[in-house]
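A quick write-up on the structure given underneath.
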Amino acid sequence: MGNCLHPAELSPSTQNSSQLNSEDLWNFSYDGNDSFPDVDYDANLEAAAPCHSCNLLDDSALPFFILVSVLGILASGIVLFMFFRPLFHWQLCPGWPVLAQLAVGSALFSIVVPILAPGLGNTRSSALCSLGYCVWYGSAFAQALLLGCHASLGPKLGADQVPGLTLGLSVGLWGVAALLTLPVTLASGASGGLCTPVYSMELKALQATHAVACLAIFVLLPLGLFGAKGLKKALGMGPGPWMNILWAWFIFWWPHGVVLGLDFLVRSKLLLLSTCLAQQALDLLLNLAEALAILHCVATPLLLALFCHQATRTLLPSLPLPEGWSSHLDTLGSKS
């Protein structure tokens with residue numbers, strides 16, 4: 001069979017036996033003066049050999065999954081604590097309820113990372129794996145949609161600006177994200193104790209729907225935001241979507257959406273890879289894109305902290321001080 005680094009090699013005895021059996025069958029089946037073109041059995045056997053790829057996210061990657069999960073939970077918890085503590089003034093951030101939901105989505109993703117991690121034993125059920133993929137992609141879809149709304153509406157998402165707007169958008173966006181996870185939830189399960197998507201002809205429609213959803217949310221949505229920003233600026237129609245550091249979130253999921261779409265095209269035979277090296281490169285890109293997407297649960301709280309720090313540093317000097325603070329400062333000034 002070979003391994004993931006070296007293709008399978010046939011021993012001389014295997015090659016000779018294969019040639020002998022084929023020649024015997026040929027002579028037995030046809031008896032006459034018909035001439036047939038020569039067949040290169042060695043080339044045929046080499047072409048039929050399986051293509052092996054190294055899986056970067058195998059059992060040896062378990063420490064990576066655990067570390068990212070722990071860091072993501074801690075970072076998201078700290079960010080949520082700072083959002084709901086008036087001492088840090090993070091509630092001054094424009095659209096802070098939406099930003100808090102981004103931290104919630106990141107925390108949910110961090111929690112299910114160990115469920116889908118390899119190397120934790122062979123006791124996971126298909127139901128648990130389906131639930132894991134549901135939360136995995138549901139939280140990611142919700143975060144992407146929340147970022148799109150935050151960029152499009154910006155300061156209008158404040159609780160005092162439009163009452164009920166934030167609540168209605170939140171319910172709607174999380175509902176859409178839940179619906180988008182149905183295909184991958186139904187087309188995933190446990191195989192050999194590992195959680196993995198199930199690829200079969202019966203589930204091809206679900207796989208196609210999931211690939212299209214990832215392409216639309218992770219790839220087309222940020223491209224649309226950038227396009228709208230550039231178009232409005234070129235036509236002088238206003239500032240367009242609100243661009244800020246939070247847009248860096250899409251860097252972690254954009255490759256996943258692209259490579260997942262390519263993988264579906266290859267599995268559906270709509271895109272043919274002529275060499276084993278091309279297939280190995282695609283498998284490597286799939287693993288790297290998945291690892292990058294997993295890292296978003298650590299990066300998202302950091303992006304939120306940076307954004308809120310910049311926003312509060314800009315807004316705090318322009319806000320009036322409380323009466324107690326102002327009188328205290330006046331007393332200190334008179335003493336000096």
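Keep in mind that glycine also has a Cβ here, set from the backbone N, Cα and C atoms.
Given the structure is predicted, the values throughout are model-derived calculations rather than measurements.
According to Swiss-Prot, the protein has these features:
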- 1-63: topological domain 'Extracellular' (TOPO_DOM)
- Asn16: N-linked glycosylation site (CARBOHYD)
- Asn27: N-linked glycosylation site (CARBOHYD)
- Asn33: N-linked glycosylation site (CARBOHYD)
- Cys51-Cys276: disulfide bond (DISULFID)
- 64-84: transmembrane segment (TRANSMEM)
- 96-116: transmembrane segment (TRANSMEM)
- 117-129: topological domain 'Extracellular' (TOPO_DOM)
- Cys129-Cys195: disulfide bond (DISULFID)
- 130-153: transmembrane segment (TRANSMEM)
- 167-187: transmembrane segment (TRANSMEM)
- 188-207: topological domain 'Extracellular' (TOPO_DOM)
- 208-228: transmembrane segment (TRANSMEM)
- 245-265: transmembrane segment (TRANSMEM)
- 266-287: topological domain 'Extracellular' (TOPO_DOM)
- 288-308: transmembrane segment (TRANSMEM)
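DSSP states for the topological domain 'Extracellular' (266-287), grouped as helix (H, G, I), strand (E, B) and coil, give 14 helix, 0 strand, 8 coil. Long-range contacts of the transmembrane segment (96-116) within its own chain (CB-CB distance under 8 A, at least 6 residues past either end) are made by residues 65-66, 68-73, 75-77, 79-80, 83-84, 90, 124, 128-129, 131-133, 135-136, 138-140, 142-143, 146-147, 149-150, 157-159, 166, 169-170, 174, 195, 246, 294, 296-298, 300-301, 304, 307-308. Listed as Cβ neighbours of the transmembrane segment (208-228) (distance under 8 Å, sequence separation of 6 or more from its ends, same chain) are residues 137, 140-141, 144-145, 148, 151-152, 180, 183-184, 187, 240-241, 247, 250, 253-254, 256-258, 260-261, 263-264, 268.
Here the Cβ of Cys195 (disulfide bond) has 24 other Cβ atoms within 10 Å, regardless of which shown protein chain they belong to. The DSSP secondary structure for Cys51 (disulfide bond) is coil. The stretch in closest packing with the transmembrane segment (64-84), judged by the count of Cβ pairs under 8 Å and taken from 130-153, 167-187, 245-265, 288-308, is 288-308. Against the transmembrane segment (288-308), the recorded stretches 130-153, 167-187, 245-265 differ in Cβ pairs under 8 Å, and the greatest number is found for 245-265. With every protein chain in view, the residue among the disulfide-bonded residues Cys51, Cys129, Cys276 whose Cβ has the most Cβ partners within 10 Å turns out to be Cys129. Under DSSP, Cys195 (disulfide bond) is assigned to a strand (E or B) in the three-state scheme. Distance between Cα atoms for Cys276 (disulfide bond) and Cys195 (disulfide bond): 26 Å, as a whole number.
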